[in-house]
Amino acid sequence: MSAYQQWVAFCTIVVKEIRRFTRIWPQTLLPPAITMTLYFVIFGNLVGRRIGDMGGFDYMQYIVPGLIMMSVIQNSYGNVVSSFFSTKFQHSIEEMLVSPMPNYVILTGFVVGGMARGMAVGLIVSLLSLFFTDLTMQHAWITVSVVVMTSALFSLGGFLNATFARNFDDISIIPNFVLTPLTYLGGVFYSLDLLPDFWRAVTLINPIVYMVNAFRYGVLGVSDVNVYAALGAILVFVVVFYTLALWLLNRGTGIRG
Amino acid sequence: MSALTIRNLRKTYANGVEALKGIDLTVEKGDFFALLGPNGAGKSTTIGIVSSLVNKTSGDVSILGYDLDRERALAKQRIGVVPQEFNFGQFEKVFDIVVTQAGFYGIPARIARERAEKYLRQLGLWDKRKNQARTLSGGMKRRLMIARALVHEPDLLILDEPTAGVDIELRRSMWDFLIGLNEEGRTIILTTHYLEEAESLCRHIAIIDHGQIVENTDMKSLLEKLQVETFILDLARPVTEAPRLPGFQVRLRDAATLEVEVPKTENLNQLFVELAERDLRVMSMRNKANRLEELFVRLVEQNLPGQAAPTEEVAS
Ligand SMILES: Nc1ncnc2c1ncn2[C@@H]1O[C@H](COP(=O)(O)OP(=O)(O)OP(=O)(O)O)[C@@H](O)[C@H]1O
Ligand SMILES: [Mg+2]
């Protein structure tokens, strides 16, 4: 396939993915908007007023970046895991496998589709947060790169999950039992400074801590961790996950008998 | 250069099922070719390998001169596949399914939409273009898959049981459509359970059973073969050469055993009259086991209960 044909094929997948999540917007775009608004109202306004400062900001301002990141993570992952799994489940993956498009185009197409949803929801949540607080952007480039890389990483995670999944249970186990706890314990709601040394050390194993803090640094200018190390680590994970996903796709794991 | 060449193709699935035990097959360009066989024979496995949906265990496949291992993308560009099972997104719209498939082949949107319209119209689905695929009837879904398989204008079209679950009237119009495609110069391979379907459409036929090709010939010779029955006769006394019996093919198996081919149109009395005239006494007689014959008996039995009937005669 020529580079142009590959580009056409890539755009076809991305458009298809975007069409999918916008068509079912009550399942994809609406729920995070509602949940996050509730977080803003309850934790930010009602409870937050009693908490006072966190990391030098009022509590509402402090949690907004974390909540945006949480939306990006959950939605990038959720989009690819359910879209790729249902493509496998309905066998429409075969439409792609019979075509001459290379596997990296398939993978990149799904990942960019997931990034589109993650970032669309991130944007919706950011706009909603403006009703509750002022959102600044201290370091625009860092903010943007963290969002792009994090959504890419979790889209790849969703892809890997769907590759191994055999039934619908398999695509909800990781989001519910791994992703959600890691996100809640990932410094979305509190600064690591509040933790005793032992728990602080344990928390630093959690990769989501780095993404949330790097993003918060982009927005507020404060972070519990070294931002450039965090960015570097996310990038390394993106490369590793991408290589692994492509290797599995080339082998036909979970898709070819 | 042939449209499809398969050499010593083997497939053992992960669960240990040996679906293909080394098959060879050549389909010439422009041919209309049938792959006939009972359930589980290995038809879909063969098509799966040719269309890159199943990994082969060993062997070689080339499509219009492109080797599937070395030039897979070029080979894929040239074939269109209509699978046995529905494999489109149930919630997608008919038009989108066809246009999206074109996109996967790198065809720009404007051309993709034109082609989608052309083939959906030809297959009588244009009115349904805005419907979700899941709302189509079985026959419409199958036609949707045909439109989708044609959108990149392949030279070789492979259809896995295209007329399964399609009523007689529709089956006729689908046959005509396929004949039209073949006349345009496309090579067509289809699998079927129905000899009648192969007979009406195809010039060449291969019969597959238990993962092996048991017959590979032109339609005419196959039908002739099916028209004769072979008997083995044990004679009372040995003879030196096979007697010539008008209307029957006779071979000497050994001195006291004859093998006689009897066309189904001839009656056996005539055979015995001829033998008696030559003073040949038959002590015993048995039917020679005929794999092809057996296979067809199985195919016919399989097609009887509850299944859509192959011809109008049987249906009405
Ligand atoms: N994915 C699979 N895993 C394991 N075994 C399989 C798989 N697909 C097919 N088989 C086995 O391989 C053999 C050949 O199956 P195949 O689907 O190729 O037959 P077929 O000729 O298409 O039959 P039918 O007329 O019923 O469609 C069967 O024994 C089948 O059970
Ligand atoms: Mg089959």
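Backbone N, Cα and C atoms are what each Cβ position is placed from, and that goes for glycine too.
TrEMBL has this to say about the protein:
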DOMAIN    A:23-252  domain 'ABC transmembrane type-2'
TRANSMEM  A:29-47  transmembrane segment
TRANSMEM  A:59-77  transmembrane segment
TRANSMEM  A:104-128  transmembrane segment
TRANSMEM  A:140-160  transmembrane segment
TRANSMEM  A:172-192  transmembrane segment
TRANSMEM  A:199-219  transmembrane segment
TRANSMEM  A:225-249  transmembrane segment
Query raised in the report: Taking contact to mean three or more C-beta pairs under 8 angstroms, with sequence separation of 6 or more, is the transmembrane segment (A:140-160) in contact with the transmembrane segment (A:199-219)?
Result: yes
Query raised in the report: What stretch, picked from A:59-77, A:104-128, A:172-192, has the most CB pairs under 8 A with the transmembrane segment (A:199-219)?
Result: A:172-192
Report task. Considering only the recorded stretches A:59-77, A:104-128, A:172-192, A:225-249, state which has the highest number of Cβ pairs under 8 Å to the transmembrane segment (A:29-47). Result -> A:59-77
Query raised in the report: With an 8 Å cut-off on Cβ pairs and a sequence gap of 6 or more, do the transmembrane segment (A:59-77) and the transmembrane segment (A:172-192) reach 3 or more such pairs?
Result: yes
